[in-house]
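Please read the structure below before turning to the comments.
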Amino acid sequence: MQLFILNRTNERQTKSVGRILLYALLFFIVTRIAVMLMLTGCTAIYMANTGINPMQGLSFFGNPSVAAAGMGWWALPYVLLVAPFFEECCFRLGLSFRRWQVAVGLGALTLFFVSRFLAIAGAQHSFWWGLPAGIVVAGLLYGFTTDAFWQAKKGWLRPMMWCSAGLFALVHLFAMQGLTWFLVPYALLICLMLFFAGSVMVYLRVNLGFLWAVGAHALNNVPAVFMITLVLMQS
């Protein structure tokens, strides 16, 4: 029996959809509570010793107040619809090892990284500058590989599941505009929380399908949407 969620690749053969969803939900709740307790303790340590609120210091875009200030009402459809679909394309679409899905997924991931680095460098309209790079990568992968090539790589599924969850967590460091070495411990706890959330999405993507992962991602963002709405209504 594969105990950890990222080692479970054939659940549909032995479990119903309901049991798979229940396991994913329980894993999410238990890990979220555990990490929130650690974040609360870490915040208390920072506040007691320095008077600094680490979440405010990070200026993390995942913080509803930061998202609301940066995008206004556009933050609502972005957080609830656009981000879940795009991020699932980047990090989990290719886990099927189907050629077109690998091509689209790695193309989207290229777009993600190129646009992020251009934005950090101060470039305007970084998404549109990154789009051609994503299209080129997707085109090359689709045009110069075969379905048989990617099917032969399916033995790499489990390592890629771990990489997907880990990369999904770590790229959120880009969204922490105020990150310094002093705030790294708190930032890594946030990444741990995102790793567990990403693990749930990987599990659902592999065992149920891509749209299940997108739906889970959107549900994960619902509390943030609610908080953003409250912030915007008060401003």
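Every residue number used here counts from 1 along the chain in the order it is shown.
Backbone N, Cα and C atoms are what each Cβ position is placed from, and that goes for glycine too.
Unlike curated records, TrEMBL annotations are generated automatically.
Database features (TrEMBL):
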- 20-46: transmembrane segment (TRANSMEM)
- 66-86: transmembrane segment (TRANSMEM)
- 102-121: transmembrane segment (TRANSMEM)
- 127-144: transmembrane segment (TRANSMEM)
- 156-175: transmembrane segment (TRANSMEM)
- 181-203: transmembrane segment (TRANSMEM)
- 210-233: transmembrane segment (TRANSMEM)
TODO: With a Cβ cut-off under 8 Å, give me the same-chain residues at least six positions beyond the ends of the transmembrane segment (156-175) that come close to it.
DONE: 6-7, 9, 60-62, 87, 91-92, 94-95, 97, 112, 116, 120, 187, 190-192, 194-195, 198-199, 201-203, 206
Open item on the list: Is the transmembrane segment (181-203) in contact with the transmembrane segment (127-144), using at least 3 Cβ pairs under 8 Å (sequence separation of 6 or more) as the test?
Closed with: no
TODO: Please work out which recorded stretch in 20-46, 181-203, 210-233 has the most C-beta pairs separated by under 8 angstroms from the transmembrane segment (66-86)?
DONE: 210-233
